[in-house]
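Have a look at the structure below before the remarks.
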Amino acid sequence: MLNSAMSVVILAAGKGTRMYSDIPKVLHTLAGKPMVQHVIDAATKLGAAQVHLVYGHGGELLKQTLKDDKLNWVLQAEQLGTGHAMQQAAPFFSDDEDILMLYGDVPLISVETLQRLRDAKPQGGIGLLTVKLDDPSGYGRITRENGKVTGIVEHKDATDEQRQIQEINTGILIANGADLKRWLSKLTNNNAQGEYYITDIIALAYHEGREIAAVHPARISETDGVNNRLQLSRLERIYQAEQAEKLLLSGVMLRDPARFDLRGNLAHGRDVEIDANVIIEGNVTLGHRVKIGAGCIIKNSVIGDDCEISPYSVVEDAHLEAACTIGPFARLRPGAELLAGAHVGNFVEMKKARLGKGSKAGHLTYLGDAEIGDNVNIGAGTITCNYDGANKFKTVIGDDVFVGSDTQLVAPVTVGKGATIAAGTTVTRNVADNELVLSRVPQVHKQGWQRPVKKK
């Protein structure tokens, strides 16, 4: 069916006392992203013309964190219930648009479920998302008459008979803007909590002869809210299990799906293998036949075909061409670039550095602010000394250079093509093509040398 224009209200004013945190509840992260951001993203994908965020506690931190110019910030200075929260947003509703109500602490709600709810909303009525629970204790019950939804009764206000009802309200609903404003104006706080319940609009709509269509989500977990860290951790595992399942079904070999975390977006080729305890953050692309070893962290990086990243390596904001090998225990920091066939071994760190085709830095090396040519060998313990305490300087190494172990390259410095730098050398001046450079203190031998003896 053809949908009307739609705006979304996200309720995010709660303090989250049971989180025992100074951070507003909705800013606690799931899969590396604030819970409320998951909800905002779902609203955006659904095509919301406007997203109204109702906030209260921690408003400044919310604004600093979300930084979304498209959000309409609505202050709820006092938390007097969900109906009261919606009343604060009501002046922004257009009469001819639908209003979808969501919650900042219900992060797993899917676009697909919301679209079905939107499609099911009757003309002039309400679309209501409900679920059936074996133990509905604490939740508002859906009352029906001859199969039709007639209202919602909060648990504290329910009779013993009503508490036997298993169908409960998730709090997510959609209604026309003009209708919603009219119903909101009629809410009272005559209940056990002394609050204004948005759920009371269901009975108001029913008594006007309006239809209420109940829709169930694809998965109950979509409507699970978070009140404490235990609940958040459970939703994290549910989310990660879903992501792992999608990747397995799309051809990625996860050696242990229960020990894999996706905290962003992963694009991948064919025959990718990922071992246990790998974390993917931000936007990551893995080419064909890429292998990621156990315990690696890959963030905002592009990994080319046939690359292999050995265990416990960290790759952040880096770009690897085809057939590169990394680690184990390597660290590629922002700006690291490896051309085809390059190798970075154990305990090597790169930042703002390019390693040319077929070049190798095998062990215990720091390469920062460096441009390294093709077929270069970087010996163990080599350091580009790029920082003088105030400014960074660049090291340039040409093709086919051999850098011996324990070399210090004091930038700014350029090493020409084919040059050889002997082990233990400190390079402070430019080196010409094909030169041999060495700087060593003369070796001294003292026969019969005795070590000092500790004084008694």
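Glycine too: its Cβ is placed from the backbone N, Cα and C atoms.
Binding of acetyl-CoA is attributed by Swiss-Prot to ALA380, ASN386, TYR387, SER405, ARG440, and the same site annotation extends, among ALA353, ALA361, ALA423, to ALA423. The binding-site residues close to GLY14 (UDP-N-acetyl-alpha-D-glucosamine binding site), defined as a CA atom within 10 A of its CA, are ASP105 out of ASP105, ALA380, ASN386, TYR387, ALA423, ARG440. SER405 (acetyl-CoA binding site) and HIS363 (active site, proton acceptor) have their C-alpha atoms 9 Å apart, to the nearest angstrom.
On the backbone, the CA of ASN227 (Mg(2+) binding site) and the CA of GLY104 (UDP-N-acetyl-alpha-D-glucosamine binding site) stand 11 Å apart. Between the listed binding-site residues, namely ASN227, ASN377, ASN386, SER405, the fewest other CB atoms within 10 angstroms of a CB are found at ASN227. Counting in whole angstrom, ARG333 (UDP-N-acetyl-alpha-D-glucosamine binding site) lies 16 from TYR387 (acetyl-CoA binding site) by their C-alpha atoms.
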